[in-house]
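Asks: Encoded as structure tokens, here's the structure I'll be asking about.
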Amino acid sequence: MGRWRGRLYATDRARDFDHERDRHVRVRQIYETIDRQPFQWVVVLVAGVGFLLDGFSLFAGNIALPMISFTYWNQEVSTYKLTCINIVTLTGTLIGQATFGFLADKKGRKTMYGIELLLLIASTLGVVMSSEGHNGSMSVYGWLIWWRLMVGIGVGADYPLSATICAEFAPTRHRARMMACVFFSQPLGQIMGNVISLIVVAISRKSSEDSDDLRRSVDIMWRWIIGIGVVPGVVALIFRFAIPETPRFLLDIEDDPVKAEFDATQLFGESSMNSEMEAGVWCDSLPESALSTRSLDDRSDARPSFTVTSAPLATLNSSWKISKADIKQYFWTEGNWRTLAAVSWCWLLLDFGYYGIGLSNPQFLAKTWGNLNITGPRPIWQTDDDPNTDIYDMFMHTSVQALVILNIGSFVGGLLFILLSSRLNRVSLQKYGFLALGALFIALGTEFITVHQEGALAITLYVLGQLLFNLGPNSTTYIIPAELFPTRYRCTCHGIAAASGILLLLQIWVLVAWGQSDEALRYDPGHFLGVYDTRGRSHALLRPRSPRKGEAGITLGWQRHDIQAPFGADDVFSSKTLEELALGRWSAGSLSVTRSAPVRSIDGL
């Protein structure tokens, strides 16, 4: 377990690290210190608790929004207002992913990590306190729109930050499993939201038996359901402001290996200085696979060695600054824009299906369950138009249905991915996961549209679909972008990839708004599932291949397949280091290597 020890004493860095002699040796030693560590539970818990709040905040709306509709728009058949609330939440998520991803690369992970969680906590409390004021002096709808936009920004910001921080602190052999554990907090947050809603509804029913003000009781219910999620966020906030900056950010962007070693020593309880360095023996090495003289599309098995020359030492504390020339070199000249396009395309296709199903209303769930009992259009909270139906029963059934349909499969799939993330090829899991989901959803969509069969079979297929999502595409789209790019662009690229999914996801809500005018489509998920299958299968059927000059279409061949390397008799896949993957498609020809040419002599290049 990682050990974090706060800085409770004054320190003189110049004195404590006066053994600093060669920047490249120090960098190598710090990376080796990180890789020697065991599984870092502290990092996983700090990142995971915040991500749990993200999952809770997004999906608690499944339960809370129908209650809000019952309280303030009791007889409105149109779901226009609820659709707008969902749209602004997703828009905020897109803004948070793209903006905070860029800011984290520019200002630092530690600074942005605490700010985004503070924003999420404050905006969640803002949602809870939204009110109409005295005699309608304010608009509860306007407040909900504003605060859900802020919630979305906070949720979106956590995607690139949690993934990047976990990846940069993780030892190479534990990186995939640590990130899988962090992402597993999302289904845990969904489950927490549904369980809390069940408890709150049960308590409210019992406490309001003697009350005739049903709307007041429901108004209290949704505020408790959303507000309780702040508690784990406050706990995580303390640790997020205390956790040090990632060593890789300090090394690659701030160019301060002394500070990086100091922070690593405090976090891991181990100095990166070894006996060789104390004895004055200086050596350095690039990753073997990084020394290929060919590009990703034409790799070589050559493994040249190299030694450090007596050239002048690199200047410390000359932090990296973003420049158009570097962006053009890395993304365009070296062709790494294709990798960014590939991971963005994968995420775009994933979110269309995952959130389209996950952000479901009570009537959608009841239709799938086979117990929707309404004739004609009804308010979205109503699943049974029998006047004797208890409103608490309807909300209770919605929570149970969401727990079974949306959470059981995602929980099991997430657990399986944690177990398999380091043993199977993650790109292959993503590819075949899309194929399996395409086949499953075309079957489920056909069942809804033609057979009109709901109940046990539909529920089973939904649960299986959620399992496949989290075992394959949903988890891998979160992990892979945090591995493929160099430190200076890691958060930005992860944020761009995640935001790409939201762009298409917003189309879902346009379809939802359009479907409100069609009574059959409003309750029938089959049309949506068919659309997802068309998109999902078109992605999954693309075979990996080297793109040829002049091709304009985005293909799966642009995805990098060298994230892991098989080794051992059992064909277990080992992760490559972030430094190897950061070299991009040009490998040793990348600017990341040629920058070091003045202080390194590499045989064979």
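Residue 1 is the first one shown; counting continues down the chain.
Including glycine, each Cβ sits where the backbone N, Cα and C put it.
Pulled the feature table from TrEMBL, pasting it below:
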DOMAIN    43-548  domain 'Major facilitator superfamily (MFS) profile'
TRANSMEM  41-65  transmembrane segment
TRANSMEM  85-104  transmembrane segment
TRANSMEM  111-129  transmembrane segment
TRANSMEM  141-161  transmembrane segment
TRANSMEM  182-204  transmembrane segment
TRANSMEM  224-243  transmembrane segment
TRANSMEM  337-357  transmembrane segment
TRANSMEM  400-420  transmembrane segment
TRANSMEM  432-449  transmembrane segment
TRANSMEM  455-472  transmembrane segment
TRANSMEM  493-514  transmembrane segment
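Walk me through the surroundings of each of these features.
Replies: For the domain 'Major facilitator superfamily (MFS) profile' (43-548), the predicted model reports an average pLDDT of 79.
Counting same-chain residues at least six beyond the ends of the transmembrane segment (41-65), those with a Cβ under 8 angstroms from any Cβ of the stretch are 1-4, 82, 85-86, 89, 93, 117, 120-121, 124, 151, 154-155, 158-159, 162, 165-166, 169-170, 178, 181-190, 192-194, 196-197, 222, 225-226, 229-230, 232-233, 235-236, 239-240, 243, 267, 358-361, 380, 395, 398-399, 402, 406.
Long-range contacts of the transmembrane segment (111-129) within the same chain, counting only residues at least 6 positions beyond its ends with a Cβ under 8 Å from a Cβ of the stretch, are 50, 53-54, 57, 96, 100, 103-104, 143-144, 146-148, 150-151, 153-155, 157-158, 161, 165, 223, 226-227, 229-230, 233-234, 236-237, 240-241, 243.
Residues 50-51, 54, 57-58, 68, 72, 81, 84-85, 88-101, 104, 109, 112-113, 116-117, 119-124, 126-127, 130-131, 478, 482, 491-492, 494-495, 498-499, 502 of the same chain, all 6+ positions outside the transmembrane segment (141-161), place their C-beta atoms under 8 angstroms from a C-beta of that stretch.
If you look at the transmembrane segment (224-243), the same-chain residues 6 or more away from its ends with a CB under 8 A from one of its CBs are 4, 6, 42-43, 45-46, 49-50, 52-53, 56-57, 60, 63-64, 67, 110, 113-114, 117-118, 120-121, 124-125, 127-128, 165, 189, 192-193, 196-197, 200, 267.
Long-range neighbours of the transmembrane segment (455-472) within the same chain, counting only residues 6 or more positions beyond its ends whose Cβ lies under 8 Å from a Cβ of the stretch, are 187, 350, 353-354, 357, 368-370, 404-414, 416-417, 420, 429-430, 432-434, 436-437, 440-441, 443-444, 447-448.
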Asks: Residues sitting near the transmembrane segment (400-420): Cβ under 8 Å, six or more positions beyond its termini, same chain?
Replies: 59, 62-63, 177, 180-181, 183-184, 186-188, 190-191, 194-195, 198, 357-358, 360, 365-366, 368-369, 429, 459, 462-472, 474-475
